[in-house]
Amino acid sequence: MARLPILLLLISLVYSTPSPQTSKKIGDDATLSCNRNNTTDYVVMSAWYKEPNSIILLAAKSDVLYFDNYTKDKISYDSPYDDLVTTITIKSLTARDAGTYVCAFFMTSTTNDTDKVDYEEYSTELIVNTDSESTIDIILSGSTHSPETSSEKPDYIDNSNCSSVFEIATPEPITDNEEDHTDVTYTSENINTVSTTSRESTTDETPEPITDKEEDHTVTDTVSYTTVSTSSGIVTTKSTTDDADLYDTYNDNDTVPPTTVGGSTTSISNYKTKDFVEIFGITALIILSAVAIFCITYYICNKRSRKYKTENKV
């Protein structure tokens, strides 16, 4: 054990000579080996380290000791031919593995009993070709499979490029001099406006469908008007039936598409968040007002009850 510090000191003091080069690619395994010239002396220990000052391993016969976070999974050691050759294999090369590796032999003479230690070292420069990394990336990116595509037709057809002219004939308003309410009845064929007191009855016929024939597709818009005469004036209601929902390119989250039942069109609207907030605020205000009235009433009644009990005791 006393020789180990001396041997480590010798390793740090010896300068390596120009070394041969070994070139490998990233991901490959590199095997580095060296042969000793003195074949007569006894090998006490062999060592591998990486310049400038990183000790990889120390080996004595079959015992191997790793340093500086090196493990046998990364670097394997072998010493065949009766310690004449020492070999290491660096697995899965990375750019950090490039550098100068030095192998060293520590030997003693077999003919005398002196403590003299002979030292031999040999260096090898390992070059890791980093250009292969980009080549691997290109190969991998070129072998990727494109995602599967579906041949189904879209739910809508964008007819923004289609040019069409719509002409809508607006029916004449119905004038009713009677200042009475009007009942509106819907039939499957048309929309009738009937006055409860007037003798005259008028029927608004639905205009002819409007057809847009562009790019082999048809868009039909049916527009009907309902005119109601009241005491405040004439109110005209417009109802639109779109029988080409397939070509609707805009989705409105606030409204529901018109629902057609028996030829009549009814537009159904969803409540917005603002409406619910207003309803909730009004309800909360009513509840708070009721609680306040209850508390005031309870306080007055309790005060009178206490006053009445006090007077009775007196």
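Every residue gets a Cβ built from N, Cα and C, even glycine.
Its Cβ placed at the centre, Cys103 (disulfide bond) has 23 other Cβ atoms within 10 Å. The disulfide bond annotation in Swiss-Prot covers Cys34-Cys103.
Swiss-Prot lists 17-121 with the feature domain 'Ig-like V-type'.
Cβ-based neighbour count (10 Å, all protein chains) for Asn37 (N-linked glycosylation site) stands at 7. Sequence annotations record features per position, and here Swiss-Prot assigns N-linked glycosylation site to Asn37 (among others).
The N-linked glycosylation site feature in Swiss-Prot is assigned to Asn38 (among others); the stated evidence is sequence analysis. Taking the Cβ of Asn38 (N-linked glycosylation site) as centre and 10 Å as the limit, one finds 14 other Cβ atoms among all the protein chains shown. When secondary structure is read from DSSP and collapsed to three states, Asn38 (N-linked glycosylation site) falls in the coil class.
Classification of Asn69 (N-linked glycosylation site) by DSSP places it in coil, neither helical nor stranded. Around Asn69 (N-linked glycosylation site), a 10 Å sphere centred on its CB holds 7 further CB atoms from the protein chains shown. If you look up Swiss-Prot, you'll see Asn69 (among others) marked as N-linked glycosylation site, on the strength of sequence analysis.
According to Swiss-Prot, the N-linked glycosylation site annotation covers Asn112 (among others), on the basis of sequence analysis.
If you look up Swiss-Prot, you'll see Asn161 (among others) marked as N-linked glycosylation site, on the strength of sequence analysis.
The N-linked glycosylation site annotation in Swiss-Prot covers Asn253 (among others), and the record cites sequence analysis as its basis.
Per Swiss-Prot, region 'Disordered' is recorded for 192-217.
Annotation comment: Swiss-Prot describes 1-16 as signal peptide, evidence class sequence analysis.
The topological domain 'Virion surface' annotation in Swiss-Prot covers 17-278.
The annotation topological domain 'Intravirion' is assigned in Swiss-Prot to 303-314 on the grounds of sequence analysis.
Among the features that Swiss-Prot reports, transmembrane segment is placed at 279-302, with the record citing sequence analysis.
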By DSSP, what is the split of the topological domain 'Intravirion' (303-314) into helix, strand and coil residues?
-> 11 helix, 0 strand, 1 coil
How many other Cβ atoms are found within 10 Å of the Cβ atom of Cys34 (disulfide bond), counting all protein chains shown?
-> 22
What Cα-Cα separation, expressed in whole Å, is found between Cys103 (disulfide bond) and Asn69 (N-linked glycosylation site)?
-> 18
Look up Cys103 (disulfide bond) in the DSSP assignment and report helix, strand or coil.
-> strand
Of the recorded positions Cys34, Asn37, Asn38, the one whose Cα sits nearest to the Cα of Asn69 (N-linked glycosylation site) is Cys34
For the topological domain 'Virion surface' (17-278), provide the mean pLDDT of the predicted model.
-> 66
